Amino acid sequence: MTAPFPSLSTIAIRRHIGTLMLTLTVIVLGLFVTLQLPVDLLPSITYPRIGLRATAPGISPQVAVDEITRPLEEALAATEGVVQVFSQTREGRISLDLFFEPGGDIDQALNDATATLNRARDSLPASLDQPRLFKFDPSQLPVYELALTSPSLTPVDLRIFADQELGRELLRVPGVANVDISGGVEEEIQVDLDLQRLQARKLDIGDVLDALAERNQDLSGGRIEGGDRESLSRVVGRFQNADEIRNLPLNLPANTNSSAANRTPAQIYLRDVANVTDGAQEQRIFVSLNGSPAVKVSIQKQPDANSVVVVDGIKAKLETLRQSGLIPPEMVMTATLDESRFIRNSIRNVAIAGLSGSLLAALAVFLFLGSFRQTLIIVLAIPLATLGALMFMGLAGISLNTFSLGGLALGVGIVVDNSIVMLENIAKGLQRSALQYQANAPYQANTPYQANTPSQNPTPGSGEHSSPDPQTLEVRNGHPEDVGQNLDSDLNSDLNSDLNSDLNGQFQQNHHNSPHHNSPHHNSPHHHSPHHHSPNGHNTPKTVPHLSWGHIVRQTEASSQELESALLASTTTNLVAVVPFLMVGGFISLIFNELILTISFAIAVSLLLALTVVPALASRLLDPRRNSGLQNWGPLHWFQQRLEGLTRRYGQVLTWMVGHRLGVIAVVVLVFGGSSLWMGGQLPQEILPRINTGQATAFVRFPPGTTLQDNVQVMNLLEQEVLKQPETTYVFSTAGGFLFGSSTSENSLQGSMTVTLQPGAVVGDFVDRLNAQFSQLPLVNTLVQLRPETVRGLILSNSPVRGDIDLVLQGTDQQALALSGRQILGILREKATLSTFRPDAAEPQEEVQINPDWERVADLGLSAESLGEALQTALNGTVPTQLQRGDRLVDIRVELPPRTVQTLDQLEQVPILTGDGRRVRLGDVATIGLGTAPGEIQRINQRQVFLLNGTLAEGVSLSQALAEIDTVLADVDLPPGVSRLPSASGESNRQLQESLRTLGGLAVFLVFVVMAVQYNSLIDPLVILFTVPLALAGGILGLYLTQTAVGATVIVGAVLLVGIVVNNAIIMLELANQIYQDQGCDRASAILQAAPQRLRPILMTTITTVLGLFPLALGLGEGSELLQPLGVVVFSGLSLATVLTLFLIPCIYVLLHGNDDGQQGDRNGDRHSDRNSDRHSDRDDSLPNQDPESSALGKQLFNPSSHSPTV
C-alpha cells in the first residue's frame, strides 16, 4: 500500500533546514524588492478619461466653438466606449475631455482618438497649434515645484536663467521626465511702428511683416563639387541681433509720377519707420512669492520612477549647482510643492500605525500565552508576512503608496490569526502529552467535554481506560522512535522543575475547576496527580520522565496536520470576501485595487507561514525541558486568573441565555437593529474623506471690466492679509490668469493663491478664519474662496465637476441659459446654508465688437484677413518670425507704440492701406461698439451647459447638501428649453451606494458558498452569517460615535469585515458540531461545552486584530485621514460582533438546529461522517492518546477554567 504523501506542515517540520532557508530567502528577496519598489503618493491609476488641449492665440470663445470645438466634439464622440464629452472653450484655449466606463482599455481608446484627430486636423484652422492628447494619470503631475526669486536679477534675467540654465540641469537628474518654466517675463524684440512715417512711404503693416518673415531664413544652396573638394552651400539670412533688424531694407512702391520705363523701386530701412528695441514682452500674468516677483519651475517624473528618489535627486542637484556657483548666491529657491514630503509623512504615519498595531498585538499575545517563546513565534510572523506581501507586490507591479501601505497596516492584526490558531493547537497537543505522562494515565478520560462519558476508544481487555501503548513505554524508557531526521535523543533524568510544578498544579486545577468536577470520574484513581506537600506548604513536584525531541516533533506534526484543511477554508473566507472588488468595476475598484491586493497577499502569506514556519519553529522552540516560569509572574498570573473567572461567568450567563434564546434574539434584533437603522440614517455621506495636505488654495473671480492693474492690486492685498497669519509659511500667487506646468491662461478676471502652512496647523480652522476676514475687505463684486487643498491627482468620480457639489443646467438658448443660471445662483447664495456656489466657467468679459461693412471693404480691395491682421497688430502685436539667440528663440513682435490705442475713438483711427496704396481709417470700413462675450463656453455631449461649482461647509455631508438644494429649488420654474440635469456629484454618490450593496451582497454570498462547501450543510453557514449584521451594527455604531461619513473607504472596510468576522463563529461551531457527533449529546449541551472552550482563542484572535487596527482607526498624522474610516468600521464592527457572537450565535445555533441529540444527528448528519473518518485516519498512531476533537478550525481546546502551561 502506498504511503500517503506528507502534508505541507510535516514537510516543513521534517525539513527544517529547508524551511529555514526558504524563510531566509523570503526575507532577503522581500528586502531587495522593497528597496526596488517605486514610492508614490497614489497607486498607479489610469482614470477612464482622455484629455485634449489645444491653443489658438487670439480666437474668441464664440469663434473657437464654431471653428474648433464643435468639429472636434463631433469627430471624437465617435471613439468607441465614450459615454460623455465635456468641452471648455476660452479665449485662445480649448479643453476637451472624453469620459469612458471604468475598466475599459484606455490605451486603445487613446490610439483611436489620436487616429481620429489626425483625420480631422485638415478641417481645423491653420492658426490652431497641434492639439495634445493624453491620459489622466496621477504620475504625470509635477512632483516638485520651485519659485525662484532674486533681489538683484531682473524678471527677464530670472526667466532666462530658469529656461537656459536651471531647466537643462534638472533634466539630467535620473527619473526626471520634463521641466516646465512659467511666470516671469520673456525677452522679446519689439518693433514699434510709426504709422505716420509708414503711411508717408505708402507702406502697410503687412509689408513690414512680410519683409521680416522673408528675410529671416537660411536657405540651402546645394552641393559644390570642384577639384578634390566637395562643399555644401547655404544662404545665411537669419538675423543675428537687433541691429540687423533695424537695418532691414524695405522695398517702396515705384514713383507713380515717373514713366513706366524709368520707374525704379526706392528703398528705405526698417529703422526709418519703426523703433526696434531689444527688450521684454508685455507682462500679462504676475507671479509672486510672498510679494516678490517669481518664476515657477515645475518638474515631472517618469511614470515608473520613484517619487521620493527623484525629489531627493533634484534637491541634491540644486545643492551641487549652488556650490558650483551656477546658481547665484542671492537667488532664493522656495519649494512650493514637494510631493516627497507628503509621501514621506503619509507613509511614515501609516507605517507607524502598522508598527504600533504590531506591538499592541504582540502584547496581547504575550498576555494570553504567557510565554516568550510562543510570543516570539507570533511576532516573527508579522514581519515575515509583511516581507512576503511586499515580494508579491513587486511581482504585481504595485508601488509603495498610501493605499498599499494601508493594506499592510490593516493586515497586521489579520495575519497573526492563522499563526495563533496553529501555535495554540501545537502547544495544546504538547500539553496533553505532558499531562498524560505526569498523570500516568490516558488523557482521553480527562478531556474537558468527555468527563461525563466513557472513553471513546477503549483498548480491548483494558476496561474503561486503555493502558499505555508500546510506543508510550518506549518513549518513557528513553528510546524515541526515529522520525526521519537526526533528532536529539539524549534523555535528561527529569523535566524542568518549574514545568513539573506547572503541570502538576495544572492537572489538579483542571479537575477541581472543571464544570464537570462532580462527575463520576471525580473519584477515579487518576483524578489526582501524584504529588506531596512540602513543609512550606507548596507543592513539591514528583520527578517524571521528559518528552523526547522525537515525541515533540511527532506531536507537532500531528497537531499541524489537524488544522491544514480547516485553516485553508478559514483563510478562503477572508480572500473571497474581497473578490468582488476585482470583479465589479467603478472608481472604488479603480482606487482601492492595490489596497485589496496587498491585503490579499498578506493573508495568503500568513496561511503559508502558519502551515510551514510556525510548525517548524514550534517543533524547535517549544521544548518542555526549558521553561522560564513566566506564568508565575504577578501580572500574568493575575491576568490568567481574571480570564479564568471570566470564562466561568461566561458559561453561567450563556446557559441562561440559551435557555431563553427566543427572548435574547428578539432583544438583540430590536435593540441593535433599530438603533442601527436610526444611526445609519444620521450618518453623513461622502466619496472620500478630506485629507490635510498642509496647504490651502484661493480662487479669485473679478467682475467684468476689471483691469489687470486692479487685479494685481487686489491680489497683493489678499497676499498681505494671508502673510499676517501666524500659520502661514509662504504664499504663491498668480494675478491675471493661471498657470499649469508650461501652460498659461491669461485672464484679467482671474487670480489664484496657494498658501503653505506651518506643520501641525489645522487647515480647516485657518480657512474658516481667513474667509471671514476676506469677507470684511472692500472687494466689490469680487468672489474670494479659500478652501483646503486636496490630494493632487486623486479624482473621485467620473464627472467633469471639480468641486464638492455641483448643479448643472442645460439649454439650447444661450441667453436664457445664462439668465437661469444667474437666477439659481442668486437663490442658492441667499438660501443655501450647507454649501456655497460659484459659476464654474469664467465670468463674461467686456468685448469690443467690430462689424465691417463688407461692401465697402470689397470696393476698397480689402479682405477680412487684412482687417484682422491690422487690428491684431494695432492691439496686441504680431509675431511674424523669431530671432535665434544661442539655443533659444526670441519673438520679434511688430506692434504699435504703447498706449496708441486705449479708447474706441483711437481704435477707429487705426490706418489701413488699400490695395492701391490709399489710406483709410478702420472706422471708415467698420462699425465699432461695446458688447459682452462669454469668458468660457462649456458643453456636455455637444450641448451648452451652465455649471455651478459648490463647496460643502465644514462637517456637512454631500447627501445633506443635495437635499437642501432640492428643497430650495423646489418652487423654481425654468424657462422653456432650459432643464436641470442630475447632479454629477449626486450621481457619483448614488453609484457609491449601489457599489456598497453590490459588493456587500457578493461578499456575503461567496463567504456563504465557501462555508457551505466546507460543512456540506446550509444551516451552519446560515448560523455563521448571522455575525455579519452584528458586525455591520458595530460598524455603524463606531461611525456614529466618531461622526465619520459613509464613503468609499467605509465600503472597503465593511466588505473586509464580512470576511473577518465569520471566523469567530466558525471556531465555536466547529467544536460544537464535533462534540455533538462524538458524544451523542443534544445541540444545547454541545454548544454550552464548546463556547467556553472557544472563549480564549476567540478573545485572543479578536483582540490582536482590533489592537492592530487601533492606531489606524485613530487617524493620527498627515495623510492618515484617507484610511481612518476603514479602520473605524473594522475596529468597531469586529469588537461589537465578537461580544454579540459569544452570546447570540449559540442561541441561533440551538434555535435553527433544534435541540436534537447526537443519535438523531447521526441519522441526519451524514455530512460529518467523511470528515470524522478522515480526521481519525490521519492521526499518527505512534502518538499516545490523540484527542479526536482536535481536527477543526482552531483546536486550542482551552479548558474553560484554566490556562495552558508555558511550553
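Just so you know, glycine gets a Cβ as well, placed from its N, Cα and C.
A Cβ distance under 8 Å defines the sequence-distant neighbours of the transmembrane segment (20-39), meaning residues of its chain 6+ beyond its ends; these are 304-309, 343, 347, 384, 386-388, 390-391, 393-395, 398-401, 612-613, 616. According to TrEMBL, the feature transmembrane segment maps to 20-39 (among others).
With a cut-off of 8 Å between Cβ atoms, the residues of this chain six or more beyond the transmembrane segment (350-369) that come close are 375, 378-379, 382, 386, 402, 405-406, 408-409, 412-413, 416, 420, 423, 427, 636, 639, 643, 1096, 1099-1100, 1103-1105, 1107-1112, 1114, 1116-1117, 1119-1120, 1123, 1206. Annotation source TrEMBL lists transmembrane segment at 350-369 (among others).
With a cut-off of 8 Å between Cβ atoms, the residues of this chain six or more beyond the transmembrane segment (376-397) that come close are 23, 26-27, 29-31, 33-34, 36-37, 44, 354, 358, 361-362, 365, 369, 404, 408, 411-412, 415-416, 419-420, 423, 597-598, 601-602, 604-606, 608-610, 613-614, 617-618, 621. Under the heading transmembrane segment, TrEMBL lists 376-397 (among others).
Among the features that TrEMBL reports, transmembrane segment is placed at 403-423 (among others).
Annotated compositional bias 'Polar residues' per TrEMBL: 445-470 (among others), in sequence order.
Annotation source TrEMBL lists compositional bias 'Low complexity' at 486-504.
The compositional bias 'Basic residues' feature in TrEMBL is assigned to 513-535.
The transmembrane segment annotation in TrEMBL covers 566-589 (among others). Taking Cβ pairs closer than 8 Å, the transmembrane segment (566-589) reaches residues 101-103, 414, 418, 421-422, 596, 599-600, 603-604, 606-607, 610-611, 795-798, 988, 991-992, 995, 998-999, 1002-1003, 1006-1007, 1009-1011, 1014, 1048, 1051-1052, 1055-1056, 1058-1060, 1062-1063, 1066, 1070, 1191-1194 in its own chain, all 6 or more past its ends.
Listed as Cβ neighbours of the transmembrane segment (595-618) (distance under 8 Å, sequence separation of 6 or more from its ends, same chain) are residues 8-9, 12-13, 16, 19-20, 22-23, 43, 377, 380-381, 384-386, 388-389, 392-393, 396, 398, 403-408, 410-411, 414-419, 421-423, 426-427, 556-557, 559-560, 564, 567-568, 571, 574-575, 578, 581-582, 1052, 1056. What TrEMBL records for 595-618 (among others) is transmembrane segment.
TrEMBL lists 658-679 (among others) with the feature transmembrane segment.
Under the heading transmembrane segment, TrEMBL lists 996-1015 (among others).
The transmembrane segment annotation in TrEMBL covers 1022-1041 (among others). Counting only same-chain residues 6+ beyond the ends of the transmembrane segment (1022-1041), those with a CB under 8 A from a CB of the stretch are 672-673, 675-676, 679-680, 682-683, 1004, 1007-1008, 1011, 1050, 1053-1054, 1057-1058, 1061-1062, 1064-1066, 1069, 1113, 1125, 1128-1137, 1140-1141, 1144-1145, 1148-1149, 1152-1153.
Residues 410, 414, 417, 421, 570, 573-578, 580-581, 587-588, 591-592, 595-596, 599, 685-689, 992, 995-996, 999-1000, 1003-1004, 1007, 1011, 1020, 1023-1028, 1030-1032, 1035, 1039, 1087, 1090-1091, 1094, 1097-1098, 1101-1102, 1105, 1122-1130, 1133-1134, 1137-1138, 1141-1142, 1145-1146, 1149, 1193-1194 of the same chain sit 6 or more residues outside the transmembrane segment (1047-1069) yet have a Cβ under 8 Å from a Cβ within it. According to TrEMBL, the feature transmembrane segment maps to 1047-1069 (among others).
According to TrEMBL, the feature transmembrane segment maps to 1098-1116 (among others). Tertiary neighbourhood of the transmembrane segment (1098-1116): same-chain residues 349-350, 352-354, 356-358, 360-361, 363-365, 368, 406, 409-410, 412-414, 416-417, 420-421, 424, 643, 1038, 1060, 1063-1064, 1067-1068, 1123-1124, 1126-1128, 1130-1132, 1134-1135, 1138, 1141-1142, 1194, selected by CB-CB distance under 8 Å and a gap of 6+ residues from either end.
The annotation transmembrane segment is assigned in TrEMBL to 1128-1152 (among others). Residues 410, 650, 653-654, 657-658, 661-662, 664-665, 668, 672, 1019, 1022-1024, 1026-1027, 1030-1035, 1037-1039, 1041-1042, 1044, 1050, 1053-1054, 1056-1057, 1060-1061, 1064-1065, 1068-1069, 1072, 1083-1084, 1087-1088, 1091, 1095, 1098-1099, 1102, 1105-1106, 1109-1110, 1112-1113 of the same chain lie 6+ residues outside the transmembrane segment (1128-1152) yet bring a C-beta within less than 8 angstroms of a C-beta in it.
Look at TrEMBL and you will find 1163-1182 tagged as compositional bias 'Basic and acidic residues'.
Within its own chain, the transmembrane segment (403-423) is flanked in space by residues 42-43, 347, 350-351, 353-354, 357-358, 361, 365, 369, 374, 377-378, 381-382, 385-386, 389-390, 393, 560, 563, 567, 570-571, 574, 591-592, 594-599, 602-603, 605-607, 609-611, 614-615, 618, 1056, 1060, 1063, 1067, 1097, 1100-1101, 1104-1109, 1111-1112, 1122-1123, 1126-1127, 1130, 1193-1194, 1196, which lie at least six positions past its ends and keep a Cβ under 8 Å from the stretch.
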